[in-house]
Each structure stands twice: as C-alpha cells, then as structure tokens.
C-alpha cells in the first residue's frame with residue numbers, strides 16, 4: 001500500500017516535560033496575571049518585558065543545585081554566541097538595570113510576568129516551562145523596600161482570592177545566617193564551598209528534618225535509595241552553632257514555655273497549650289511540622305516575634321553582620337505593623353533561607369496554610385507559592401558597582417492550582433450558543449442569526465461541521481458545554497420563527513424529572529425570529 | 001588595580017535582534033490582546049496555550065523562503081531530540097489537533113496569543129521575537145468557516161481602534177491560482193519547484209512590480225545590487241497566462257471602463273473617473289499603486305466584485321479546481337454580505353496570494369489603508385497587519401487523514417505601531433503619587449501615608465532612594481511622570497498636616513504663567529492629614 005519515497009509521519013506529541021493548556025486554564029491564568037499586575041501597578045511598579053532569549057553570559061549561573069556549566073538551562077550556539085532561554089525573570093532584570101542605568105528612574109520598581117524555562121528532568125507536576133510573576137525594586141538599599149514587597153505580596157494574595165488567615169509570609173535575613181557562619185568560623189573566602197553546602201542543607205529542613213540537615217553539616221548523608229551526599233565536613237561545635245539557627249523556631253517555642261521572663265510576653269493558656277504541643281511534635285517528628293503555621297492570636301505572634309529577635313541576637317553574638325541582620329528584621333516588622341500588616345500575615349521566621357546563593361539580606365516566602373488532599377488522598381499543607389529576597393550583587397556583575405535590589409517571584413501556576421484545589425476559581429467554562437444547521441443552503445441565514453447574537457454581546461457560533469447528522473450537532477453542543485441551541489429548518493423560516501433549546505434545563509430534566517414535571521417545564525421554546533435575542537438572554541440569565 | 005583571577009564582566013546587552021519593552025508599551029499590548037481575546041471568545045473560539053518549545057519534527061518546515069533544514073528557527077539538540085522554538089502558532093495547532101483528536105470538539109475553534117521566534121537576520125524594525133495572535137477553525141471544510149474568520153477579523157480591527165474605512169480585508173483563493181497553473185500546464189507532481197517559484201514571485205508584486213514578477217516567471221531577475229535570482233523558466237505563453245492572474249485587478253479596472261456590458265454595473269461618473277486614473281497609474285508605474293485601496297462607494301465595490309469573479313472565471317477556463325475556487329469566492333462574498341460585511345470592509349482581490357506554501361483554498365489579508373510617515377519622512381500606506389487562509393494538509397502530516405482548517409494571524413506589534421503612529425493609543429503613562437521623605441526616621445509614617453493612598457485605589461509610592469538631597473526626590477518624581485508629590489517634615493507632623501504639590505500644574509505654571517497668574521494659581525496645598533486622600537483625588541481628577 002505504501003508509496004515509494006514516503007517519509008515517516010512526525011509524532012503529534014508535546015515535547016517531554018512540556019504541557020498544553022486549554023480554554024479556562026488559559027483564561028484563568030490571564031485573569032490572575034491581570035489582577036496581580038493591577039496590584040503591582042498600584043504600588044508604583046512599572047511593567048517590563050524582556051525577550052525569552054538572553055546571552056548565556058548575561059544570564060550567569062545562578063540556578064540552585066546546578067554545578068556544571070549551562071546545566072539547568074536550554075542553551076545553544078548561534079553565530080559564535082551562546083544563547084539561552086531565561087530560567088527566571090531576575091537575571092534579565094539585572095541585565096536591564098545595568099544596560100539602561102542612565103535612563104531609568106532609580107529606585108526602579110518593575111514588574112514582569114511570563115514563562116521561564118528549566119532544563120530539568122521532568123516529573124509529575126514538574127514542568128520545564130512555567131510562569132513567573134515578579135516584582136523588584138532596584139537601587140533602594142533601605143529595608144523599607146523589602147517591607148514594601150512583603151506588604152504588596154500580602155495584598156496580591158488576597159486580591160487573587162486567598163483569604164486572610166489562609167496564607168502567611170515568613171521573613172528572615174541572610175545576614176543573620178552569615179553572622180552565624182562567622183561565629184562558626186565559616187566566613188573566609190576559602191570557605192565558599194562549605195557555605196554553599198550549609199545553605200542547601202538548611203533549605204532542605206522541610207524534607208530531611210533536623211537530623212538529616214545535621215548529617216549534611218557533618219560528613220554527609222545516605223538517603224533511602226542508598227545514594228550518599230557529601231556533607232560540609234564541619235566540626236561538632238560548628239554544626240551545633242548552625243543547628244541553633246536551624247532549630248530556632250523550636251528553641252523560641254521552648255523559651256516561651258520554660259522561661260518566666262519570656263512567658264510574660266505570652267500569658268494566655270491557649271497559646272501556651274498550642275506551643276507546648278508543637279514543641280513535642282518537633283521533638284518527636286523533627287519534620288515539616290516545625291514550619292506549620294502557628295495558629296495563634298495576633299498579639300501572641302507579635303510577642304513571639306520579639307522573642308525570636310532576642311534569640312537570634314544571642315545566636316549571632318559578636319558578629320556585626322549578624323546583629324545588622326537582626327536589626328533589619330526588627331525594622332521590617334515595625335514598618336509593616338505601621339501599615340497594618342501584623343504578624344498574622346507577615347511573620348519573622350528563621351527557618352526561611354531560600355536556596356539561591358545570590359541573596360544578601362532579607363529573604364521572604366509566602367506559604368498557603370490550608371490543607372489540600374494530595375494525589376494519594378492524604379491531607380497536606382499546600383506550601384510555598386512565592387518567594388524572594390535582597391540580592392545586592394547581581395547588577396554589580398555587569399557594572400562593577402554595587403546596586404542594591406530586592407524582589408519577589410510568584411509561582412503563578414502553583415497559585416492557580418491552589419485556587420483550583422479549594423474551589424476558589426471556576427474551571428467550568430460556559431460554552432457558546434450553538435446555531436444548528438438544518439438546511440445547508442440556508443447558511444447565510446444562520447450566519448445572520450449568529451451575527452445578531454454576537455452583536456448583542458452573546459457568545460455564539462454556527463455549527464460548521466457536516467450538518468447531515470443532526471444528532472452530531474447536538475452532541476457537539478454538549479461537548480462545547482453550550483447553554484442554548486438554536487434550531488430552524490424550512491418550516492421555521494416559512495413561519496418566521498425559531499426553536500430555542502435550553503440545553504442546561506434539558507439535561508437536568510432528562511436526569512431527574514418525572515413525566516409530569518417534564519410536561520410542566522418544557523426546555524424548548526418556539527419564538528418569533530425577532531424575539532430570539534430576548535429569549536436567549538432570558539435563558540442565559542436564568543442559568544447564571 | 002585588577003585583582004588576580006578576576007573574570008571579565010559580562011556585557012549588559014539585549015541579544016542581537018531582540019528588544020526590551022517598558023511600561024506603557026507592555027500594558028498597551030496586554031490590553032490589545034485582552035480586547036482581541038474578547039472578540040475571539042464571543043465568536044465561540046476557545047483559548048489554547050502551547051509551550052514555546054516543540055520538537056523540530058512536529059514543527060515541520062513551513063517558513064517562507066527557507067530552503068536549508070532548520071534555517072529560520074532557533075533549534076538545538078537535547079537528549080537525542082531536536083527541539084526548537086515555535087516560529088508561528090499554526091504548526092503547534094496542527095500538532096495539538098492531531099494529538100487530541102479524540103477529545104477535542106470538532107470543528108475546533110481555538111485562539112492563541114504569544115511570542116514566536118524567527119532566526120532571521122535582524123534589521124531596523126525587524127525583530128527575532130514578536131507577538132502573534134491567531135484564530136483558527138479545524139475540522140470545517142465549508143467556506144463558511146473562512147467567511148467567519150474574515151468577519152471576526154473585521155470586528156477585531158474595529159474593537160482595537162481601527163475605524164471602519166481605515167482598513168480593508170482582501171480575500172482570494174489559492175484554487176484560482178492552482179486553476180491558472182493547471183491551464184498553464186504546471187499542475188503535475190514534477191512541477192512543484194516551478195509552482196513554488198511562481199508563488200513567491202507573485203507574492204513580491206508589491207515590491208517588484210509586474211515587470212519584476214514577469215522576469216521571475218521566465219529566466220530570472222537581476223536586482224539593483226546585481227544579484228541574480230533564478231526564475232521559474234516558463235515559456236512566453238505560460239508566463240502570459242500567469243500574468244493574466246497577477247494583473248487581474250488592472251484588467252478588471254480596464255474592463256469596467258471599456259466594455260459597455262461591464263460599465264452597466266458601474267454607472268456613476270465619479271467611480272469611472274477614479275478607476276480611469278488608477279488604470280493609468282498602474283500602466284505608468286506598474287507598482288504598489290495597483291494594490292491601493294479603491295476609494296469607491298460600496299455599491300461600486302460590489303459591482304467590481306462581480307466583474308472580478310467573471311474575469312477570474314474566464315482566466316481559469318476549463319480547470320475544475322479553478323472554477324471551484326471562483327465559486328467559493330462568490331459564496332464567501334454572499335455569506336459576508338448577509339451578515340452586513342460589505343465589500344467596503346471585505347473585498348475580493350486576486351492580488352493576494354500569501355507567501356506560505358501550505359495554503360490550499362481561500363487566503364485573506366487585512367491592510368490598513370491610512371497613510372503614515374516613514375522614517376525618512378515620506379508618506380506611505382501602513383500596509384498589512386494580519387493574514388491567513390485555508391490549509392487542509394497540515395494536520396494530515398501527523399495522522400494521514402485530511403483535516404480541513406482555516407485561520408488568521410494578527411501581527412500584534414505592527415497593529416500597535418499603527419495605532420501609535422496615528423495617535424490612537426496614548427503611550428504617555430501616568431506615574432504614581434510620590435510620597436517624599438524629609439525625615440528618614442519617619443519612614444513608618446510615610447509608609448502609612450502611602451498605604452492609605454493605595455487603599456483608596458490611588459497609585460502611590462514612597463521615595464526609597466537616599467533621601468538626603470530633596471532635589472533628587474523631585475527629579476525622580478519628574479522622571480516617573482508623577483502627578484502629585486506629598487511632602488511632610490517634622491513641622492508638618494507636629495501640626496498634623498501635609499503639603500501636597502500638583503506637579504502637572506506646577507510644570508505648566510513654571511513654563512507659561514506670569515507672576516500674577518502664579519500668585520492666583522498656587523500649585524501647592526497645605527491640608528490636614530485626614531484630608532490628604534480627598535485633596536489628592538481632586539488633583540488627579542482635574543488632570544484626567
């Protein structure tokens with residue numbers, strides 16, 4: 001049968017790790033991006049759109065857990081230049097801030113939204129193209145800029161439909177961690193590798209628990225599969241110091257319970273009971289529970305903030321950078337409270353470190369605190385949907401001059417998934433009114449009907465498939481989730497009428513009604529042609 | 001000075017052929033895309049978003065004027081697969097229609113919007129990443145689908161701000177050209193190369209004029225730079241036949257003028273005068289004038305449509321496919337007129353062929369007809385902003401089964417440029433209210449002010465740069481195009497007031513006013529703190 005020279009057919013397949021999005025999934029994302037852009041704009045941020053492609057040298061190598069050159073990115077050579085798809089929106093911003101440094105207003109507040117690409121092994125729910133939505137302030141060294149981003153993030157989450165109480169923004173400061181490193185004797189230029197391992201180990205607290213982190217600070221850790229990850233090789237004393245930071249939350253809780261002085265900050269029985277339970281959980285499980293949101297009254301959280309700051313100040317001891325970090329956290333909390341963003345929304349949390357190596361000051365993370373059911377039916381916290389921090393050295397790569405910068409990135413697709421999982425966005429799209437075709441030669445008349453409907457701002461279409469089998473047309477309307485079908489054959493045209501079928505009511509009746517009810521509630525109406533629009537609108541309004 | 005081992009700094013540069021978009025340029029495009037999506041949705045089209053990356057085999061090689069493999073696209077090898085950035089939105093649609101053929105409703109109406117990438121030599125105004133905005137119907141063989149797309153394109157252009165009369169949508173049919181090819185003996189499988197050269201030659205009529213096209217149909221053509229382009233090598237008779245098609249518009253005009261029978265269709269003096277002038281122009285210049293929009297009354301255009309159809313019917317003679325093509329054009333015109341889209345908006349025009357090889361039936365193109373001034377100050381027609389047609393074989397590549405499809409692609413960036421060039425969109429963005437910082441220690445108070453403004457839905461920001469030099473803060477407000485600055489130092493805080501500066505009025509006064517006027521119209525107001533919002537809103541309303 002095959003002809004000669006016939007080429008094999010190409011496979012119709014989305015490339016591995018990529019996904020196609022249809023209908024309501026696309027429009028829901030577009031609406032969310034538009035809502036977020038509205039909040040960012042109100043805060044004075046300006047839009048920026050760079051192209052998807054950058055030179056490899058401009059992008060730099062800032063992906064977490066990536067050691068080999070160009071790993072993690074899609075890159076190729078073009079006319080002796082290496083080009084790559086951006087892996088985030090921060091690297092392009094640093095390039096823009098350097099390139100247009102004489103023209104942009106500084107501080108430069110900008111937002112950007114669009115896809116980014118990661119050349120990683122795809123997995124379930126893990127795609128190689130996904131959306132980010134960033135806001136950054138470049139050229140402001142004051143932590144007021146960090147506080148502003150946290151406040152804006154809080155407003156943004158509420159604007160897209162996350163209720164207050166269903167999220168928490170946790171703030172920490174890399175300078176505190178740097179202070180701890182200094183105290184532990186890890187601050188020299190020759191200790192960069194160790195610091196990197198420590199950072200990545202701490203960032204895995206959620207997954208590995210305190211014992212796992214501790215192992216990575218020392219010789220290393222063998223995972224369940226038997227693979228061995230080399231550790232930072234710290235001494236016992238050094239590791240103890242780092243763990244004081246890692247387990248700060250649990251330590252603060254214990255302090256609040258044991259010390260009378262601290263307990264004065266936190267008097268009520270209920271709060272003490274919650275914290276007591278948590279301390280036990282952390283000790284027993286050493287797990288993700290340590291980061292669960294504290295379900296405490298806002299005054300108790302404010303008190304807890306104060307105890308946390310005192311504890312961190314003790315841990316960093318004599319380190320100047322460490323004390324700077326604590327002071328900055330204190331100032332951020334104060335600025336936020338003055339604008340009405342209390343610790344029930346934005347809280348100081350030493351367990352947040354963020355994996356990226358380039359952060360230099362405050363770091364922050366937004367977590368959704370409601371439970372969802374995972375794919376195995378188990379309840380779990382939804383987790384992080386946004387994060388960011390201060391990175392004062394990214395622009396310096398280009399210009400040699402330090403340019404302070406801070407910003408946040410929202411994982412739009414995760415946020416959409418969260419809203420969908422909790423029924424906060426409606427993914428059932430309303431289909432168009434379908435004008436069916438009874439008589440192929442009357443196509444011009446059907447087109448006129450559909451034009452009338454559209455001109456009345458009603459979503460409508462004429463059936464454009466082969467009209468021979470009328471059943472197929474109704475099946476099509478069903479697949480399209482059409483609320484209404486219009487039917488007209490030569491009889492109707494002769495009499496100047498149309499048949500209007502309420503498909504939603506029709507489906508309901510077919511499912512539930514008795515014969516009596518069916519007679520009382522007809523789902524098909526015969527109306528004069530000039531009343532078509534009015535009747536359709538009546539049905540649509542009833543169904544909304 | 002240089003330290004050892006210091007790496008050279010990366011260049012802060014947009015890669016060659018790419019562009020960064022700032023502020024109002026980004027938001028204007030987002031608004032336009034949202035408006036277009038609204039029209040497409042009303043017509044029953046559903047959103048689809050595929051990823052930027054496809055396999056090279058799925059994309060296929062359908063770029064015009066590209067002969068070498070992978071030329072024109074950005075492609076690279078990844079795990080033994082060749083991947084590439086999409087060069088349009090049609091190839092991914094064909095892949096999707098094949099991949100999900102058992103799940104999608106057919107006919108499948110879908111729209112898609114987003115960037116596409118072309119690996120072409122960049123030039124002025126010619127970028128390697130640009131936006132497209134497509135709508136296609138897959139699975140409808142009826143030309144009613146083509147007519148619908150043309151009507152929707154007309155609605156879309158008017159929805160984004162192109163006035164009726166400032167655009168025209170031209171419709172032709174590849175089958176007519178195929179009929180001409182058949183009559184000229186160019187229809188065999190062995191004549192594919194010749195047909196390709198003929199197609200590309202005709203598509204260059206605008207640029208080369210009839211003589212240039214004629215040369216390319218024969219031996220070939222030497223351009224001004226001396227480069228020689230090989231022609232199709234047709235005989236005189238063959239080339240004459242093709243030229244009858246190429247110069248159809250001029251021929252129709254001559255017919256309308258010379259033949260009494262045709263002239264009955266077109267009686268009024270004014271129309272005859274316009275056409276007469278045009279015939280002379282075409283004869284003299286043989287140039288782009290041939291495609292200038294006919295500034296005729298709609299009845300004359302309808303008459304002209306009829307003459308064009310008769311002429312094309314004569315040219316294709318005995319060819320069945322050619323006569324099919326003419327009949328389809330007639331039906332499209334009839335369907336469109338029944339919906340109120342007369343030839344003043346959508347007209348039959350044999351000069352439209354579209355360069356892409358894959359079209360199999362109706363082809364269409366939207367042209368803006370107003371003049372703009374080019375970069376050398378010369379007036380010229382703005383030209384094409386959208387185009388498309390029927391391609392019945394693209395899905396067949398994957399499945400082996402023919403799936404009819406038709407669709408349009410709007411060049412969003414060109415359309416934006418057109419609206420900008422004619423002042424139809426406002427590119428001057430309104431900046432935020434700037435709360436200045438007189439006293440660094442009062443940052444919490446300034447943040448409270450700015451939070452109050454934002455909560456009142458007023459775009460506002462606090463100055464986050466170094467506040468030492470107050471002049472810099474006002475310069476910043478100027479660069480941000482801020483309408484209002486808020487000023488408060490310790491005096492103001494003590495008295496519970498703020499100073500509000502109307503920066504737009506201030507700038508006007510500084511430019512134009514006499515001293516008297518200046519005294520009468522102060523641009524700075526002192527108001528109690530609790531009246532700040534009201535006063536700011538009053539100033540903003542006055543400036544809108």
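Every residue number used here counts from 1 along the chain in the order it is shown.
The backbone N, Cα and C atoms fix where each Cβ goes, and this holds for glycine too.
Per TrEMBL, the L-histidine site holds B:88, B:89, B:90, B:132, B:136, B:354, B:358, B:359; the candidate it also names there, chosen from B:118, B:378, B:380, is B:118.
Confidence in the domain 'Aminoacyl-transfer RNA synthetases class-II family profile' (B:17-432), given as mean pLDDT, stands at 86. The least crowded of the binding-site residues B:90, B:132, judged by other CB atoms within 10 A of its own CB, is B:132. Local packing around the binding-site residues B:88, B:354, B:359 was summarised as the count of other Cβ atoms within 10 Å of each Cβ; on this measure the leading residue is B:359.
For the binding site of L-histidine, formed by B:88, B:89, B:90, B:118, B:132, B:136, B:354, B:358, B:359 according to the record, the largest Cα to Cα distance is 21 Å, rounded to a whole number. Under the three-state DSSP scheme, residue B:90 (L-histidine binding site) falls in the helix class.
Residue B:132 (L-histidine binding site) falls within a strand segment according to DSSP.
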